[in-house]
Amino acid sequence: MPKKIAAPPPETQPSPRPFAYRNRLLHCDGADLTSLAAEHGTPLYVYSAQQISHRFQLFAEAFASRPHTICYAVKANSSLAILRLLAKQRAGFDIVSGGELERVRKAHKPALKKVVFSGVGKQIWEIDAALNADILLFNVESEAELHLLAARAEACNKVAPFALRVNPDVFAETHPYISTGLSEHKFGIDIKAARAIYRSAKKTKWLDPAGVSVHIGSQIRKVDPFAAALTRVTSLIADLRKDGHNIRYVDAGGGLGVDYGATAFDPAKQVAKYAAALTKSLGEESAHLLLEPGRFIIAQAGALLTRVLYVKKNGTKTFIITDAGMNDLIRPALYHAHHEIIPIKQPTGKSTLTADIVGPVCESGDFFARDRTLPPVKPNDLVLLLDAGAYGMSQTSNYNSRPRPAEILIDGDITKLIRRRETMRDLLAPELL
Ligand SMILES: Cc1ncc(COP(=O)(O)O)c(C=O)c1O
Ligand SMILES: N[C@@H](CCCC[NH3+])C(=O)O
């Protein structure tokens, strides 16, 4: 049952991070994290609905001057409750699998009409499900996929609206694992080859060349790479119009980064800069703009609450071992990503401790921070890993047979359990002896 909590003090503008000390204890909006941990256990993901909505609105306001749809990237955080929250604000969705399609259907069926389907490995059952759901746009990533889409559209008696996801060969200035817009990457179709492929698509009545799409990577902090990519796309659209195609959509993808450090960050300014750069690249182009932000909407609205199990010394090194591990938040292990880690009780003194903060998983890569200086913590203390709302829960696994964490959404004065903690029964259910 959702629970009422004391109303938070009124705020005119939510801060970029909804996690703050009140009476020396960390809160998420009005909810006291110590009480949440006592009731729901740890590790525990906690999200602020107010912050999610605020980020979505920032995006919408930044692009208010032109027709657009914000198709939230489901992979960033695919919680049904969060998808529903965004759908109610008129979000569309960027999906990359049949599973994500089902999530949108379950969260808010009418939003299926605002789904764009990306991904290099779409399978027949996924294409059929999306055709039968009458989604907005297939973002096609290869010529072979386009042929399959035409065949499946005919089999399902549907005309498939598609965009080629073009690879603009633009350097995204981000971690190599999450950069996607160079010709050496598996994503998209060489922009130079695109015009001929659109032309060939005209030969079948089962394909509707409705748009062009691009996505150059994730956690991109400068706006220039987005602008460079979209300028190339805009010029391609002009050529496609000359060829007689009725291009109605330009999909600029996602990728706008956030600040994972402790520095002051102004998301409103960041998204305004991004919108200005995209708008400039589009020039006179009037196609309906699709945007696919994930991280910018959800990263800083969420955090991972974990309890210290042990503090140990090995030689000169100190290790803080938490009950969350790399299976609960893999970003540091995968990309050496930085997450701020703060104690649940506001420190009173100035003393510090330098340590590796690590999980219980049997891998040396199971760390959240290395040689991090933080206020001293002891076993049983709670600490919070900030900015874990995006690619946190959605990248969890059961490695080491560890059940996945529970998730809580703080929505105004209501605290909702939106996913219960997994049990041993859940873990073993699919297995056969
Ligand atoms: C096709 C596509 N769209 C949107 C996104 C969302 O990216 P981000 O969360 O960085 O906004 C991704 C992830 O990189 C993606 O692959
Ligand atoms: N999973 C990555 C982002 C990849 C985005 C998906 N294309 C992260 O945690 O930052």
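Numbering starts at 1 and runs along the chain as it is shown here.
A Cβ is built for glycine as well, from the same backbone N, Cα and C atoms used for every other residue.
Unlike curated entries, TrEMBL annotations are predicted automatically.
Checking the candidates Gly255, Gly261, Gly359 against TrEMBL: the one annotated together with Glu292, Pro293, Gly294, Arg295, Tyr391 at the pyridoxal 5'-phosphate site is Gly255.
When the record's pyridoxal 5'-phosphate-binding residues Gly255, Glu292, Pro293, Gly294, Arg295, Tyr391 are compared pairwise by CA position, the greatest distance found is 15 Å. For ligand 1, the nearby binding-site residues are Pro293; that is, of Pro293, Arg331, Tyr335, these have a C-beta under 6 Å from one of its atoms. Within its own chain, Pro293 (pyridoxal 5'-phosphate binding site) has Phe59, Ile70, Tyr72, Ala73, Gly254, Gly255, Leu256 as residues 6 or more apart in sequence whose C-beta sits under 8 angstroms from its own. For ligand 2, the neighbouring binding-site residues among Glu292, Arg331, Tyr391 are Arg331, Tyr391, by Cβ distance under 6 Å. Pro293 (pyridoxal 5'-phosphate binding site) carries neither a helix nor a strand DSSP state and counts as coil.
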